[in-house]
Amino acid sequence: MGLSHLQYLFIENNDIWTLSKFTFRGLKSLTHLSLANNNLQTLPRDIFRPLDILSDLDLRGNALNCDCKVKWLVEWLSHTNTTVAPIYCASPPRFQEHKVQDLPLREFDCITTDFVLYQTLSFPAVSAEPFLYSSDLYVALAQPGASACTVLKWDYVERQLRDYDRIPAPSAVHCKPMVVDSQLYVVVAQLFGGSYIYHWDPNTTRFTKLQDIDPQRVRKPNDLEAFRIDGDWYFAVADSSKAGATSLYRWHQNGFYSHQALHAWHRDTDLEFVDGEGKPRLIVSSSSQAPVIYQWSRTQKQFVAQGEVTQVPDAQAVKHFRAGRDSYLCLSRYIGDSKILRWEGTRFSEVQALPSRGSLALQPFLVGGRRYLALGSDFSFTQIYQWDEGRQKFVRFQELAVQAPRAFCYMPAGDAQLLLAPSFKGQTLVYRHVVVDLSA
């Protein structure tokens, strides 16, 4: 402090282990600095920035650990005018005895990510569906314990989900929002008491019941998918009863009308709509048989059975994703391993098995170019996997303490990338995806 005219500073052989990033602040006249033969394993980022006219630097004799904390030094050495005596890495093993000045920056993989708890919603839920309406972001959650479909609105100022409205639903298992011709509808699927479609009335600012869904056809709904084909809106309901049928409904002028009975008496558990290569498909998973693939026939304006995914006879949930030119299916199982399958042109082949005892929910999702898979269980913590492009497989990434998850939902909210985890037994948790630069 106060040595603004100091030109030569030698702090050698002093058994120094750490330095503050402010150690040399104010030494504007320093031209020669030696920190040789100490025990420095790393240096604070930009520690030499205040030394505007530094001409000679000696760091020899320190056991530098050439990890992400030293990346900044490699960058600084590449463009500084200061003469620096050769310095060598003591660790890690792959860089041992390498000259720091010669380390390639591409060898430093210093960007990592994390899912951190962001918001806790103090209620259980079994589904979550984000949607945009009138330029605002919302999420609809099925809450059978509260006898409601709860709609939350994203507060861009407070950066939180806030209560917005509730639709009465004593045994809701899924609340599916659909915006058709700028009008908001919510399909409310219930285990008991029938299923309904509600319409948002902007004049009264409340939801009103629009129509019933045929209770003879849809007896025990388990999942809903909404999609467009050739400009028309549809939704499909997976029915898990012995007497009902997985059914397709189509929007026409002022309501949704029964369009096709797809899959009767098979206790279906999940649906996945896939629109790839101009060929819309619907995949139906079931607890009683292998998942069935339906392909849309434009001439018949119906789905036609195309085949089965025979490798997994009892999938609880089915999801898909694309990586490069390849298409994959993710199939969760309650007993046994969950499976990752790749489409080989004429059939699916297994590329990975993931331990998943007690799994009822899995979801692949993409955040800023990084692909993840959330796999939940009734008996253990949720596992987050990350896609390894080189190995073409998912690798274990992080564990989240979510009790009995029933869905996972990725929701971008402004600059916040969120993962919603509705829980059947506990609180619904909202995690935020964060990017961490380990070299900072």
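Backbone N, Cα and C atoms are what each Cβ position is placed from, and that goes for glycine too.
Going by TrEMBL, these are the annotated features:
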| type | residues | note |
| --- | --- | --- |
| DOMAIN | 62-111 | domain 'LRRCT' |
| REPEAT | 114-156 | repeat 'EAR' |
| REPEAT | 160-202 | repeat 'EAR' |
| REPEAT | 206-253 | repeat 'EAR' |
| REPEAT | 255-298 | repeat 'EAR' |
| REPEAT | 302-345 | repeat 'EAR' |
| REPEAT | 347-389 | repeat 'EAR' |
| REPEAT | 393-435 | repeat 'EAR' |
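Sequence-distant contacts of the repeat 'EAR' (393-435) (same chain, six or more residues past either end, CB-CB distance under 8 Å): 111-130, 137, 139, 141-142, 154, 156, 159, 161, 340, 351-352, 354, 360-363, 365-368, 372-374, 376-378, 381-387. Sequence-distant contacts of the repeat 'EAR' (255-298), counting only residues of its own chain at least 6 positions beyond either end whose CB sits under 8 Å from a CB of the stretch, comprise 185, 187, 197, 210-211, 214, 217, 222-225, 227, 229-230, 234-249, 304-320, 322, 327, 329, 331. Outside the repeat 'EAR' (347-389) by six or more residues, the chain places 113, 115, 309, 311, 316-317, 319-321, 323, 328-330, 332-341, 395-402, 404-410, 417, 419, 421, 433, 435 with a CB less than 8 A from a CB of the stretch. Note on the repeat 'EAR' (393-435): DSSP counts are 0 helix, 29 strand, 14 coil. Remote same-chain residues near the repeat 'EAR' (160-202) are listed as 119, 121, 126-127, 129, 131-133, 138-144, 146-154, 208-213, 215, 218, 220-226, 233, 235, 237, 251, 255-256, 430 (criterion: CB distance under 8 Å, separation of at least six residues from the stretch ends).
Taking H, G and I as helix, E and B as strand and the rest as coil, DSSP gives the repeat 'EAR' (114-156) the counts 3 helix, 31 strand, 9 coil.
Secondary structure counts, DSSP: the repeat 'EAR' (206-253) has 0 helix, 33 strand, 15 coil.
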